[in-house]
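Taken straight from Swiss-Prot:
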type	residues	note
COMPBIAS	148-165	compositional bias 'Basic and acidic residues'
COMPBIAS	172-195	compositional bias 'Basic and acidic residues'
COMPBIAS	384-395	compositional bias 'Basic residues'
COMPBIAS	423-432	compositional bias 'Basic residues'
COMPBIAS	788-810	compositional bias 'Basic and acidic residues'
COMPBIAS	1282-1292	compositional bias 'Basic residues'
COMPBIAS	1301-1316	compositional bias 'Basic residues'
CROSSLNK	Lys826	SUMO1 cross-link
MOD_RES	Ser161	phosphoserine
MOD_RES	Thr266	phosphothreonine
MOD_RES	Ser330	phosphoserine
MOD_RES	Ser345	phosphoserine
MOD_RES	Ser347	phosphoserine
MOD_RES	Ser361	phosphoserine
MOD_RES	Ser699	phosphoserine
MOD_RES	Ser708	phosphoserine
MOD_RES	Ser716	phosphoserine
MOD_RES	Ser947	phosphoserine
MOD_RES	Ser1315	phosphoserine
MOD_RES	Ser1342	phosphoserine
REGION	145-212	region 'Disordered'
REGION	302-333	region 'Disordered'
REGION	379-432	region 'Disordered'
REGION	446-470	region 'Disordered'
REGION	788-817	region 'Disordered'
REGION	1237-1326	region 'Disordered'
REGION	1455-1483	region 'Disordered'
ZN_FING	1184-1234	zinc finger
Amino acid sequence: MAPLLGRKPFPLVKPLPGEEPLFTIPHTQEAFRTREEYEARLERYSERIWTCKSTGSSQLTHKEAWEEEQEVAELLKEEFPAWYEKLVLEMVHHNTASLEKLVDTAWLEIMTKYAVGEECDFEVGKEKMLKVKIVKIHPLEKVDEEATEKKSDGACDSPSSDKENSSQIAQDHQKKETVVKEDEGRRESINDRARRSPRKLPTSLKKGERKWAPPKFLPHKYDVKLQNEDKIISNVPADSLIRTERPPNKEIVRYFIRHNALRAGTGENAPWVVEDELVKKYSLPSKFSDFLLDPYKYMTLNPSTKRKNTGSPDRKPSKKSKTDNSSLSSPLNPKLWCHVHLKKSLSGSPLKVKNSKNSKSPEEHLEEMMKMMSPNKLHTNFHIPKKGPPAKKPGKHSDKPLKAKGRSKGILNGQKSTGNSKSPKKGLKTPKTKMKQMTLLDMAKGTQKMTRAPRNSGGTPRTSSKPHKHLPPAALHLIAYYKENKDREDKRSALSCVISKTARLLSSEDRARLPEELRSLVQKRYELLEHKKRWASMSEEQRKEYLKKKREELKKKLKEKAKERREKEMLERLEKQKRYEDQELTGKNLPAFRLVDTPEGLPNTLFGDVAMVVEFLSCYSGLLLPDAQYPITAVSLMEALSADKGGFLYLNRVLVILLQTLLQDEIAEDYGELGMKLSEIPLTLHSVSELVRLCLRRSDVQEESEGSDTDDNKDSAAFEDNEVQDEFLEKLETSEFFELTSEEKLQILTALCHRILMTYSVQDHMETRQQMSAELWKERLAVLKEENDKKRAEKQKRKEMEAKNKENGKVENGLGKTDRKKEIVKFEPQVDTEAEDMISAVKSRRLLAIQAKKEREIQEREMKVKLERQAEEERIRKHKAAAEKAFQEGIAKAKLVMRRTPIGTDRNHNRYWLFSDEVPGLFIEKGWVHDSIDYRFNHHCKDHTVSGDEDYCPRSKKANLGKNASMNTQHGTATEVAVETTTPKQGQNLWFLCDSQKELDELLNCLHPQGIRESQLKERLEKRYQDIIHSIHLARKPNLGLKSCDGNQELLNFLRSDLIEVATRLQKGGLGYVEETSEFEARVISLEKLKDFGECVIALQASVIKKFLQGFMAPKQKRRKLQSEDSAKTEEVDEEKKMVEEAKVASALEKWKTAIREAQTFSRMHVLLGMLDACIKWDMSAENARCKVCRKKGEDDKLILCDECNKAFHLFCLRPALYEVPDGEWQCPACQPATARRNSRGRNYTEESASEDSEDDESDEEEEEEEEEEEEEDYEVAGLRLRPRKTIRGKHSVIPPAARSGRRPGKKPHSTRRSQPKAPPVDDAEVDELVLQTKRSSRRQSLELQKCEEILHKIVKYRFSWPFREPVTRDEAEDYYDVITHPMDFQTVQNKCSCGSYRSVQEFLTDMKQVFTNAEVYNCRGSHVLSCMVKTEQCLVALLHKHLPGHPYVRRKRKKFPDRLAEDEGDSEPEAVGQSRGRRQKK
């Protein structure tokens, strides 16, 4: 056993026969006769070039490696049991696996199997153990083998490190640095770092033992022999055996393999060879032929053959070992230069030297190496074994070059070396002759004989360009070395050294003959070396001058390069800014996108309409879906449009969303059916189909357009997109919406969207969003201005401070220096004197403590300020982030309500769309031009390429959103350079989808950056890249699908449930006489046909008590009598009117019944049933009643309703209490006539009974007629266009009839009679009656004033009343208060109403008249404010006629004075006053 030199074993000197050793090396006991040999060997052993064979530690001295091997040997004796040796060595011998794999395999074999000869315990019982020894291992059965293979595959390995790799890395590192003479201390530190005790296992291994569990034993069966007795027990399972000795860990196994085997060669597949002694000891089987495995070993063991064959490569094995080692070492070895043309080969067996019986001694071998190489090279030669070029040709091919090598050496020597000379002196002669062989500079230029030998022996190295014959060996070596190692990082420093050496040796001619790749490298290195020489010979002044010139030249070059680069960039920029017609440019073809997937039955051409509807719902979701319902998506809508049964719920929900906004707008005020507004009819999923048909009738559109044509503004533009073909509406009369075709459904949806776009709600919504956006921008600009002002102030302040510091700096510095000097001078002697005194020491300590305390306080204060500043900065940062977020959201919402435009167009005029998340993906629209679009451009005019959106948008079916937005893209590009020469072609409208990031990147790559259209498209796509990627990912999400539902069955079921619900509520609320609920329910459930349902609805209407009906179903039997009752002519007119109205009611009811009988769809029946529901006074229902006295619900059997005021009373809450419900009509004490109340109290006043009765009759009749008037007032709006206010009807219905009654004619005579002086004395009854009448009149007044306030509220909401809502300011009109002396506006009137300033209706009307008079006086004829005044006054008159019919409105209109007269005499004219908005000034 001996340490390794490189990767080869270095043989020890054999003991001298029969002589006493003169010089002995202590640790190896090698003996030498001469001091020279001894010292040479000691010097070699002291160098750090040795490697421990057992541990792989490198950079050691021979003694350190030797001691480490001895330590490993002792460790193996202790830790590695002998019975594992054969098991492991059989696996290792001739194995080609790596060391780590061998260690893992051997360790796993040891851990999962008992070895033959292993001593262990055999468990017989629970506590009985027998000492046994393993004799035989039975092989596994097939099933067990398969199971163990799986287990062994998954077995875990303990962590370990590869010593070979570590040694190689360390040697590589040492090879990169040229080793010079180093300190002994440095050598010791390197030694300590490199040395590694084998007994100290790594911590990673110890930790690993805790982390993982050892593998389980394989289910082998064993034959065991008892140690105490000579008995063998067969087939013992592994579970019954217990290991007594700890098996070796992986580190120990690694030491064992390295200690007893060596790898034959340096290749990855080189076999491991176990020492011969152990092979013989354990009879290890050979897996290769001995000669094939190691021809050198074979020759060494057969010396007679070697002597005969002088041309064999192993004539001199010690020399072969040396040459192999040198081939793995640094390329600077001159011995390699002469043989660079030869083929490299693998070294033989590492054990060959040890066992060889060659005549050449190791001293001769070392002496040769010492004389050939410098000491610096020796370091790299021996301790850096690397897989160089020789490792590339293993196996048999290594024979030939070695033979050639030996042959060439023999020829060059001119003699044969015997190889078995034992004398060291003879050995020392051979290196001298070989030194001549090694220096072949003369040979390369000399005889032909010398140059032929290397060429014959293997040829030149393979290079890309064959070098010239006469290239020096240094150049040849560089070419070969560069080719083999140019791409290797670990060889970079070595390659640099070779290049430097070659650059020094070669002449300029030789450098010129090098290959191109190497020529530049060598030339640059040569110039660098020459520069270093010149630099070394320069003086300091010359160097400074040289550097100065160099800098100037460099600056000049840099300036020139920068100038050239700027010019080049400017030219490139100008070239890139040029734009050309896309179709005239040549570039990559655009990628082919796939068509948008649409369900069966929905053609691809309709996708644009689907996207338009969904995008409209998404953009206006704040208006249409304020309660944040589930959004409508394009995929679901397409499925609903094409589905047979699944689309009912989804489509009707879309219709409900759209109609909710449309019917509540002023634009739908005139939409009605059978005298009832559509907004009054309940809007549900089941009635929406019929309501859509009623909304889209042409009659409604024509009435609306005719009515709005009279307006002065442009609100009433005629749109064709909001109309639907009559065929579709006729189909809706006989079929439901979900039963139409996909195209018909889509056309109806788009028409509804366009109709909603015309509403005032949408206009208000857009204005609100834009106003919010403008306010956000104002805030942003204000914040930016404030920040800029702060920065400017800080900058100014800093400049002033710097100027002050510059002025005072010099003086202060001068004074400060002198003061400091004085202080130092004064202070020093004080310190010296005070240091000697104890008192001064105490004082100084106190002063230091006080100073430290102050410093702590200062630090705490500074820390507190710092924390506060940080908190303030964090608060400001959060505030800014929130403001930025609100700003971005507001701007995005403002953009949403504007016209949606495409991202851009490509060379073929295809449009690219990116919609909201509900329509995910990047869409490409082809064939979007149709007949209604006038697409043209003008070569001479750069301002217009399209005739304008207004020219074609009204005629386009998809002009408002989504599908066909304006062509702003082309317009924007044409304003810069008018280079477009092509127009889009008409064709089939198709939609394509880009649904992957790869396709998007490919599209961006194909778009031409200089195309007039594609350049803009590319820029916008790149800008919105992340948004597009997000949309593409959303498009990949699976659709949840629609809920399947049979539409007809759904309509039928809900019609039944609605009928049952109405009947039940009528019965429970006491509003009608309905048969038994169970019988009615059974009858309704049995109905199937529409005709039967119609009869049931008609019967249900007939069962409602007449006085609980309202609207067109309310009876009109009594009308209000005029105040002039004596006129017979007026009575006749009144009778005629009464008859006409009764006929109208009867005809409206008959029309309703006829419509029910003729209904052909369930949705139509739902609408007609909804009309009946709206005509029932549900607020009169007993279900909602509370006792007026105790304000409690419950005890319905004891609750009674007043037939006049409909208020509820408990029987026991009345005074006097009632004990049972009275028959017939009943009135509460407040509604009872005065006579009845007096009679009930037992008082008799016969003198006034007749007059009171007549008064009561008249008042009762009058109150009934007035009540009937109020019931129908919400259904008769005299030409007004206000939004419906359903809540007002509920307020009016709870007003007591006594308060609603008009002025009673019998009150005035009473008051006059009471005022006469000769009247009889007033008794208590008359006082009571007087008080009662006063209360009634005050109640009536307060009710009328309440109605005035409601009228004013409606007037303020009226859209034409905007000029009169607030007072006019001086900013709006400077001369307003010079003309108008009594200004008045609705806000002032509202304030007076809320403060109770008005005592009568006439005072209220006076102020209202003043508002309109002011407007007439101030504004000129034709003013927009005057038109608003006329409409607002008409609205007021209609509301007064409806709510306060007893108060006529008459205002005398003033003639307009000339302007001068009005200005001069405006203050003196009492009636020439008015009010208007200052924004409409006089012309």
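Placement of Cβ uses the backbone N, Cα and C atoms for every residue, glycine included.
These figures come from a predicted structure and were not determined experimentally.
Remote same-chain residues near the compositional bias 'Basic and acidic residues' (788-810) are listed as none (criterion: CB distance under 8 Å, separation of at least six residues from the stretch ends). Ser1342 (phosphoserine) sits 116 Å from the residue listed as 'phosphothreonine', taking the C-alpha atoms as the reference points. Per-class residue totals from DSSP over the zinc finger (1184-1234), listed helix then strand then coil: 5 helix, 7 strand, 39 coil. Every protein chain shown contributes to the tally, and the Cβ of the residue listed as 'phosphothreonine' ends up with 20 other Cβ atoms within 10 Å. Cβ contacts within 10 Å of Ser1342 (phosphoserine), excluding its own Cβ and spanning all protein chains shown: 12. Following the DSSP three-state reduction, the secondary structure of Thr266 (phosphothreonine) is coil. For the zinc finger (1184-1234), the predicted model reports an average pLDDT of 79.
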